[in-house]
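A.B. asks: Below you'll find the structure I mean.
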Amino acid sequence: MTKATIVLATRNAGKVAELADALRAYGLDVLGLDAFPQVGEIEETGTTFEENALLKARAVAEATGHVAVADDSGLEVDALERRPGVYSARYSDDTPDLPGDTRDARNNAKLLLELDGVPAERRTARFRCVMAACTPDGRHVFAEGAWEGHIALAPEGDNGFGYDPLFIDPQSGLHSAQLSRDEKNARSHRGKALRRLLELWPAFWRG
């Protein structure tokens with residue numbers, strides 16, 4: 001497989017670091033959107049993870065002339081009918097007066113509020129990720145991964161981002177935000193989706 005520059009369709013530093021670690025191991029040069037200031041904000045107008053991932057990958061591939069990889073991921077909580085789902089990143093935007101200085105903190109606060117009184121055995125949840133790789137001429141491929149776990153009563157840990165402080169990994173018993181980057185890559189929805197994407201990569205690259 002020819003070495004190539006791959007553009008990760010995100011400015012989220014946490015995602016760039018997490019995904020770039022794995023992609024570099026396959027001999028790929030990895031850049032985030034900060035290297036392409038001409039690419040504007042891409043609005044996620046899809047109603048599924050697949051739609052949003054492809055929308056972002058296609059827009060970035062067309063704008064940069066490189067193969068682009070985008071993901072859309074979110075948290076599905078069974079007791080909340082799989083909310084927040086595709087709205088995970090902006091879950092708290094319609095709820096005023098939540099505690100927290102950041103959107104992540106407010107999202108976590110809203111999740112805990114909605115799960116107030118829900119017993120541990122009913123707090124099952126999963127992180128789900130769909131990745132799309134797209135060429136500048138529009139060829140694309142999807143890969144998916146999921147990470148099953150449950151939602152804690154309170155946040156713990158300083159690593160990660162998003163809902164990591166509340167998500168408990170059943171294998172280790174630790175919150176996702178307590179895991180090292182390597183541990184998280186080995187278990188996480190994003191890591192699983194990426195490994196599946198890399199399995200598909202040679203055929204995708206050859207076209």
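If you go along the chain as it appears here, the first residue is 1 and each next one adds 1.
Placed from the backbone N, Cα and C atoms, the Cβ positions cover glycine too.
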A.B. asks: Kindly point out which candidate in S73, S172 is recorded by Swiss-Prot as part of the substrate site with T10, R11, N12, A13, G14, K15, F161, G162, Y163, D164, K184, H189, R190.
C.D. replies: S73
A.B. asks: How many Å separate the Cα atoms of G162 (substrate binding site) and D72 (Mg(2+) binding site)?
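C.D. replies: Distance between the two Cα atoms comes out at 13 Å.
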A.B. asks: To which of the binding-site residues T10, N12, S73 does the lowest count of other Cβ atoms within 10 Å belong?
C.D. replies: N12
A.B. asks: Find, for the listed binding-site residues G14, G162, the residue with the lowest Cβ contact count at a 10 Å cut-off, counting only other Cβ atoms.
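C.D. replies: Selected from the binding-site residues G14, G162 on minimum Cβ neighbours within 10 Å: G14.
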